[in-house]
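A.B. asks: So Swiss-Prot lists these for the protein:
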{"type": "ACT_SITE", "residues": "ASP7", "note": "active site"}
{"type": "BINDING", "residues": "ASP7, ASP141", "note": "Mg(2+) 1 binding site"}
{"type": "ACT_SITE", "residues": "GLU68", "note": "active site"}
{"type": "BINDING", "residues": "GLU68", "note": "Mg(2+) 2 binding site"}
{"type": "ACT_SITE", "residues": "ASP141", "note": "active site"}
{"type": "REGION", "residues": "164-204", "note": "region 'Disordered'"}
Amino acid sequence: MRVLGIDPGLTRCGVGVVEGVAGRPLTMIGVGVVRTSSDAELGDRLVAVERGIEQWLDEHSPGYVAVERVFAQHNVRTVMGTAQASAVAMLCAARRGIPVALHTPSEVKAAVTGSGRADKAQVGAMVTRLLRLDAPPKPADAADALALAICHIWRAPAQNRLQQAVAAHRTSGASRTPGAAGTPGPSRTPGAPGTSRTLKGRTA
């Protein structure tokens, strides 16, 4: 499994590609940051983010894209830019038919460090250890992108099993629904509630 992790942002959009399967050693294929100038127009910045992500998709051909799920923050301007970059990342993947997964920061931290409250230094240290790197990737956005990819590789098998179980449950439930297409509805028993019968000229 080859996953492109994307830590969305307008000024710095972290990108990292990791290859491997759950339970086996993982390999970093590449890591970097797509940068845009804060002085540029918003539209131009989004185009730059799109082009940068497209370049990574062209070069590394990932089978999956993992993007950090955006949460509301006190700084509305920051969260808006992050959400816009996230949308661009998902669009780039969807346009190529690449499955996209969203992971919360706490999910990523828990998957990589064992604690959903780990700080960036701890995440960077564990990414370095798990991928057998000489030093933590810089800036932190790059390390976060690799952590996203690692998280998805480890969580994907469980998520797939859960989705399959839910789909199977829905299918079996639909086939047993009374009155469904091809399924006869319940028959009424004479004298049961909701029915009437005539007794000696009067209705019972």
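Every residue, even glycine, has its Cβ placed from backbone N, Cα and C.
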A.B. asks: Hey, which of the active-site residues ASP7, GLU68 is the loneliest by Cβ count within 10 Å?
C.D. replies: GLU68
A.B. asks: I need the CA-to-CA distance for ASP141 (Mg(2+) 1 binding site) versus GLU68 (active site), whole Å please.
C.D. replies: 11
A.B. asks: Fill in the CA-CA distance, GLU68 (active site) to ASP7 (active site), as an integer in Å.
C.D. replies: 6
A.B. asks: May I ask you to report the DSSP-based helix, strand or coil state of ASP141 (Mg(2+) 1 binding site)?
C.D. replies: helix
